[in-house]
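What Swiss-Prot annotates here:
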DOMAIN    17-105  domain 'PDZ 1'
DOMAIN    96-287  domain 'Guanylate kinase-like'
REGION    208-227  region 'Disordered'
REGION    235-265  region 'Disordered'
DOMAIN    300-333  domain 'WW 1'
MOD_RES   S357  phosphoserine
DOMAIN    359-392  domain 'WW 2'
REGION    395-462  region 'Disordered'
COMPBIAS  402-414  compositional bias 'Low complexity'
COMPBIAS  434-444  compositional bias 'Pro residues'
DOMAIN    471-553  domain 'PDZ 2'
REGION    585-622  region 'Disordered'
DOMAIN    642-720  domain 'PDZ 3'
REGION    719-820  region 'Disordered'
MOD_RES   S729  phosphoserine
MOD_RES   S740  phosphoserine
COMPBIAS  741-755  compositional bias 'Low complexity'
MOD_RES   S799  phosphoserine
DOMAIN    840-922  domain 'PDZ 4'
REGION    932-984  region 'Disordered'
DOMAIN    997-1093  domain 'PDZ 5'
MOD_RES   S1070  phosphoserine
REGION    1111-1142  region 'Disordered'
DOMAIN    1151-1233  domain 'PDZ 6'
Amino acid sequence: MSKVIQKKNHWTGRVHECTVKRGPQGELGVTVLGGAEHGEFPYVGAVAAAEAAGLPGGGEGPKLAEGELLLEVQGVRVSGLPRYDVLGVIDSCKEAVTFKAVRQGGRLNKDLRHFLNQRFQKGSPDHELQQTIRDNLYRHAVPCTTRSPREGEVPGVDYSFLTVKEFLDLEQSGTLLEVGTYEGNYYGTPKPPSQPVSGKVITTDALHSLQSGSKQSTPKRTKSYNDMQNAGIVHTENEEEEDVPEMNSSFTADSGDQDEPTLQEATLPPVNSSALAAPITDPSQKFPQYLPLSAEDNLGPLPENWEMAYTENGEVYFIDHNAKTTSWLDPRCLNKQQKPLEECEDDEGVHTEELDSELELPAGWEKIEDPVYGVYYVDHINRKTQYENPVLEAKRKRQLEQQQQQQQHQQQPQQPQPPQPEEWTEDHASVVPPVAPSHPPSNPEPAREAPLQGKPFFTRNPSELEGKFIHTKLRKSSRGFGFTVVGGDEPDEFLQIKSLVLDGPAALDGKMETGDVIVSVNDTCVLGHTHAQVVKIFQSIPIGASVDLELCRGYPLPFDPDDPNTSLVTSVAILDKEPIIVNGQETYDSPASHSSKTGKVSNMKDARPSSPADVASNSSHGYPNDTVSLASSIATQPELITVHIVKGPMGFGFTIADSPGGGGQRVKQIVDSPRCRGLKEGDLIVEVNKRNVQALTHNQVVDMLIECPKGSEVTLLVQRGGLPVPKKSPKSQPLERKDSQNSSQHSVSSLRSLHTASPSHSAQVLPEYPPADVPAPDQTDSSGQKKPDPFKIWAQSRSMYEDRPMSPSPASGLSKGERDREINSTNFGECQIPDYQEQDIFLWRKETGFGFRILGGNEPGEPIYIGHIVPLGAADTDGRLRSGDELICVDGTPVIGKSHQLVVQLMQQAAKQGHVNLTVRRKVVFTVPKAENEVPSPASSHHSSNQPASLTEEKRTPQGSQNSLNTVSSGSGSTSGIGSGGGGGSGVVSAVLQPYDVEIRRGENEGFGFVIVSSVSRPEAGTTFAGNACVAMPHKIGRIIEGSPADRCGKLKVGDRILAVNGCSITNKSHSDIVNLIKEAGNTVTLRIIPGDESSNATLLTNAEKIATITTTHAPSQQGTQETRTTTKPKPDSQFEFKGPQATQEQDFYTVELERGAKGFGFSLRGGREYNMDLYVLRLAEDGPAERCGKMRIGDEILEINGETTKNMKHSRAIELIKNGGRRVRLFLRRGDGSVPEYGGSNYENIPSFPGMTP
């Protein structure tokens, strides 16, 4: 709400003063009720009409009304005082009593807890009233906390020091008026005693400190408590959100007793009910009240046993104590017959006298009059913001529809009946979406179509379930189980699987599907359990432990959790994310709110509302309704969702197109929404009927779907979230329409305008970077200048604006042929999409540092990248920074082409200041095929639109790959501790040797199978003569994997020098660039080879050289396909063999079993997936079990821990396996050379750079 409207409707405008004289017998005729001991403001009870006349200045004035809140009595501020103190103040007045009172409203009512749990700008009347309440409460009550006493603190005076259990019991009993967490400790303000202690009330002398405007105050509380109170203050528009510590102003007493000092901003607190959690939605959706105050005041009382509550951000939500549920939506609006938008009258100039309400806007809409940006409208229920009056917009659309219907009706008799279209043809554009099929699906499971009416089936008896029962066992990783749950918000509602998290335990297990009903957890039946109860069960399971789940398949979700027109559903992500603390409760981030906090898909961006055209006109955009998070999320992790669709007479009801970034087919348009329930535009199709289709061409996928008989059911596994799909320039749209008839898109989206998009698509999130500067027709002023985004104005005015994660927009719709035509056209420069997008990121430093690592900058001109993001660190909490981002500036200082050391120094300076402003750029994953004779660029992405992208590739940092053996950083300075090694290949290639091309083709699930060795520590002697120029060739074949495509082709030998990859010269390229070139080549790579000098082969694998196996497996599914290890033995060349001692080769691999000693197992580790390296033995403790066994040595690579492979294993997982293995640990190792690889970056955390562990 803008400041102007807030000022008009603010409660301070309703405050009035009234003087009441006593009667002849001293009676006042005014009854005072409430009081802080009841958790209420003092308020007026019964009033004698004759005595209630206000007499300011001797004349008649306003009267006291029953129910009005008393703010002052005889100049004494009484808010927060118990009733007996208020009566004491009144009794001290002999003849007349002056009251300052205010009528109750939506924000200020008699509930003290409600008012204290709101957040206000410091210095505002609301904030001052909160401080008055607290000051008065402290006169009788001592705040309580769970932290230990500090020096000089007196128990019972400064604080009542309680255990966590005692505190939670106290909160659950309703004794605490205000509760919160600060720095990992609970704080609370209890109610005053119901009776004054020893019969004492506030003395007359003490009243002076309560006089309005008095400079005196109550005894000061300690700093930590004041900090806790101040942390709830809403900042002004110009203040940074990080200016004050984060704080939870309320929490749920039964929501866990996790003792974790790290705090995240809370979403919604419960009010006066410890058993209820507030409705949970994507935390990026921080909106003010869903109804304006004016609407709340005119809707009448709430239904029985309903309660209105407020979050710490002032957001309204509602508690149904009958069903023990919470909701964003006002039940008064749900029960009220809402007037259709088009039937409302224009609200321009229509206002009520008192509250300036817009009478003709439907419930849930709010009109904002901003003095700078003008008028705009907020739909709080469907969460959208627009400039256009929604009533006028609805009338205009209805009029347009009527005109179109009339035109169609006039043309219908003159046109022959069109033939029945094929499911993938353009004829769909004129076909009315068919209704849901009436025929049953082909499988014996219960029908998957949603019930047309009535309450969905529910039972608490598992034997009454009719679907297919599935049993699965999942191990909880450090990031959870990897699935999200919806439901359980109504008394009789199933808890069902909403989606799986990519690469999470549930997705890797492969048994769970969207819609599966959770029947039991560890043999405990949970049918009928609430959402919060089941979440608590999952959260109580320790990391590393397993859970047995019984699921029932056959009951579809009774609602679409992504549909903005349905009620928001409380959901908690039991997913593969780091746990965070919200309201004292361990929970996990949402996959939808966090396109991937860990940066697994490194090209995801936080999304912000774009232009008003995106907000208002394009209804395919809106706010994310993936209600799957309890705390601030940072990016959206890809979800795997199962959708069942029955093929109807007109087909499946959706169209597909090539994914612009490669990786398969995306859903381009939903033609038949009822039939495609659960499917969304932009979804990437991973499997069709359990068959992976990411490697198939567009036509192959279309043929597969066409072959399905009508009436049969197809099961689609789709990936939602992940790589963003850039928008096309408007200049390219005519080209798309022109060529759409001959394209392979099979899409009709070109025939849809911005204003006719289906409302069901509005759950997609607005992109952060707006498209080209083209405003929508109805979003421009008379001068043609684009208006600012109304949502941004509104959200900033509420001091709640923050970034939103980006969901994928629908596929851009360009087929391969169209993209080729676009590129070769003269308009290419106008429609070209930039390769990079830049972003400024401001970070506050935490106690543990900025929480990210810096990589690169070791060679002149080498880019500097963001490496590992520390979970729960400053960068992770902020959420915008991603692993792989290229660093452009640090606090305004450009660092492009600068050294690693300079960036380290800049970061150290920033650490002293406590904050840093980073400018980063992120590559847009959208590439177009090169012209036929054009040389590919090493920075290009996949060259084939049909090439499936391996998501494991996205985990690597740009300067090296996951496949690197030792180090991925360039320069000899990064190889310290590895050894200098012997001389490189020194043979000179004769001038008579001619280069030749070798083409290697690989299968779907295999790598190319060769190793490139790049000499970086000294100049190479191998040369060739090209154009009389002597060119060094530092890159050569180091290994060939037996049985691999490189081995089968028979044209490569160890020692061969590589001149070019896919026609691109690599003589001056870094090792990582070559690795990326080959990875991006798809299934075929062409190498230009000069036969090598075999005399140099014996020194190819020295430690000073960088080695990387080019065996990237472009797996269509990320579940179970791993990259080939670099430890594979090379196939001995026909003229060369390794001649190492036989005894050494026998000991290359060995197993040890260690028994835990008094100080652990006596060794420490280095490496892990998060550091882009394998696991190595870093140190051996003197006289420890590892040293005493006599086999283990520093530098040995750990291949298995307790039988579990370490391939792609995280460092934390390795420690977890060792710690949870009991008294013994069994290790399978490969003998190293005594050196341990260094990490490839600098660490900006105040934790050990190399998290070695001596378990």
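Heads up, the Cβ atoms here are built off N, Cα and C, so glycines get one too.
Each residue of the domain 'PDZ 4' (840-922) gets a DSSP state, and the totals for helix, strand and coil are 19 helix, 35 strand, 29 coil. Packing around S1070 (phosphoserine) is summarised by its Cβ count: 23 other Cβ atoms lie within 10 angstroms of its Cβ, all protein chains included.
Per DSSP, the domain 'PDZ 6' (1151-1233) is made up of 17 helix, 35 strand, 31 coil. Mean per-residue pLDDT, taken over the domain 'PDZ 5' (997-1093), amounts to 74. Secondary structure at S1070 (phosphoserine), taken from DSSP and collapsed to helix, strand or coil, is coil.
Each residue in the domain 'PDZ 3' (642-720) gets a DSSP state, and the totals come to 10 helix, 33 strand, 36 coil.
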